[in-house]
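Below is one structure, written out as structure tokens; the observations come after it.
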Amino acid sequence: MEDYYYHDDEDGRHNDSYDYSYEHSVCDKEAVRSFAGVFLPVIYSLALVVGMAGNTLVVAVYASRSRLRTLTDVCILNLAASDLLLLVTLPFWAADAVHGWRLGPAACKLTSFLYGANFSCGMLLLACISVDRYRAVARRSGRGPRARRQWILVCSALWGLAIFLGLPELIFSTVKHSHHRMYCTAVYPPSMGRPAKAALELLEVILRFAIPFLVMVACYCSVGRALSRAPGLRRDKKWRALRVLLAVVAVFLLTQLPYNVVKLCRALDVIYMLVTDCEVSKGLDHAVQVTESLALTHACINPLLYAFIGSSFKGHVLKTAKRLGRRLGSRPRQEDGEPAVEIALNTRNQNQSQSGSEEPDTSTFSM
Amino acid sequence: MKPQVVALLLLALVCLQPAAGEKLVSCCLDTSDKCFPRQIVVSYYHQEAGKGCQHSATVFMSKAGKRLCAPAAHKSKCVQELVAFLDKRNKSKKQ
């Protein structure tokens with residue numbers, strides 16, 4: 001690209017009315033860039049503060065071995081760790097939105113990889129939690145050393161898959177110079193066909209949104225049905241548990257659906273070149289920024305939805321604080337941990353099973 | 001899994017757009033089929049599809065400071081002529 005300047009000709013102020021082809025001039029994204037430069041840092045800072053606080057608390061409480069009694073607990077711990085890793089990348093993206101990427105290609109690759117892998121990991125873990133809750137209701141979840149081995153296997157598989165999903169970003173992200181700014185972005189081989197690219201954007205929507213969502217809905221529907229049928233359970237307790245399930249699914253849908261709809265629109269645009277209007281193109285860019293930020297807030301809400309709600313989290317926070325206090329030499333506080341709001345879902349053998357079960361709380365369903 | 005499926009999945013993953021990678025590049029979204037008169041253009045650059053923009057195009061800077069979108073040079077004779085004209089003018093100016 002080479003820029004030449006006005007040449008000194010006869011009529012320096014040539015009839016500008018000739019620039020009639022406004023619709024055929026470059027769609028200037030400067031306004032969108034300035035919007036991103038303000039909007040993203042604000043939202044990302046908020047997400048960073050709130051998300052760091054919540055997820056650090058979850059890690060602190062769940063990191064003790066005794067707290068990890070089910071696969072769901074293990075997943076909640078992993079989810080918090082994954083969310084922390086995702087949140088760590090936000091200051092870099094905020095800085096990128098304000099004055100471009102100045103940290104070099106290695107940092108660009110690493111940050112993109114962390115973002116992609118942990119975004120996927122969070123979605124996979126949410127699906128895994130729903131499956132484990134379903135298994136708890138269906139009385140198929142195990143305990144003991146064998147179960148622990150199984151947990152490790154499941155978690156390694158999920159992290160492996162998430163890392164795999166982040167690999168393309170690690171490979172193709174690079175720093176690009178454009179419009180007097182450096183950008184950290186992915187540059188793909190030009191040989192790649194357009195429909196293939198779009199199809200693959202659809203695949204991302206499927207792997208990161210559609211499959212986890214369908215798994216969650218299927219599992220929580222079964223859990224909800226079992227819960228509402230469970231005999232010998234107080235109605236308010238039932239209702240409370242159902243509300244939690246509803247909130248989990250609703251929040252997932254509310255935060256993830258808009259972003260994925262926008263992504264689908266963009267995929268369609270890539271295939272069919274639908275957007276030729278500059279205002280529509282800018283609108284789509286704004287939509288991507290707003291909905292992606294919304295999707296990211298999920299990382300801040302996860303501790304609330306999965307750890308703080310329902311279960312005896314408050315009691316555990318106090319216990320952890322006490323333990324830390326003791327370690328630091330200060331006097332222990334008085335313990336006023338609430339009893340666990342764990343709902344015994346003895347769906348089938350409420351009355352028959354007593355001595356036969358391995359452990360008394362095999363069928364508890366903790367939320 | 002069948003090897004074809006694995007290969008397809010791998011190919012798919014290679015081409016996934018990173019979620020955070022949408023960069024706001026100013027692009028030509030459409031091109032004009034009309035020929036721009038020589039008097040109004042001062043310079044040009046090529047916009048390549050796949051490098052931040054979807055379309056291939058030739059962008060002419062007008063005297064009024066607007067960036068006008070014309071088809072890619074290989075697609076339009078009038079663009080080729082205009083590019084050749086600007087190259088020649090620039091060369092003669094440098095000398």
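Positions of Cβ are set from backbone N, Cα and C atoms, glycine also.
For A:42-63, A:75-93, A:113-131, A:151-172, A:205-228, A:240-259, the entry in TrEMBL reads transmembrane segment. What TrEMBL records for A:54-306 is domain 'G-protein coupled receptors family 1 profile'. Marked as region 'Disordered' by TrEMBL: A:345-367. Look at TrEMBL and you will find A:346-367 tagged as compositional bias 'Polar residues'.
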Which range wins on Cβ pairs under 8 Å with the transmembrane segment (A:113-131): A:42-63, A:75-93, A:151-172, A:205-228, A:240-259? A:151-172
Would you kindly check A:42-63, A:75-93, A:205-228 and say which stretch has the most C-beta pairs under 8 angstroms to the transmembrane segment (A:151-172)? A:75-93
So what's near the transmembrane segment (A:205-228) in sequence-distant terms, Cβ-Cβ under 8 Å and 6+ beyond its ends? 119-120, 123-124, 126-127, 130-131, 133-134, 137-138, 165, 238, 241-242, 245, 248-249, 252-253, 256-257, 260, 263-264, 267, 343, 345, 347, 365
In this predicted model, what is the average pLDDT of the domain 'G-protein coupled receptors family 1 profile' (A:54-306)? 87
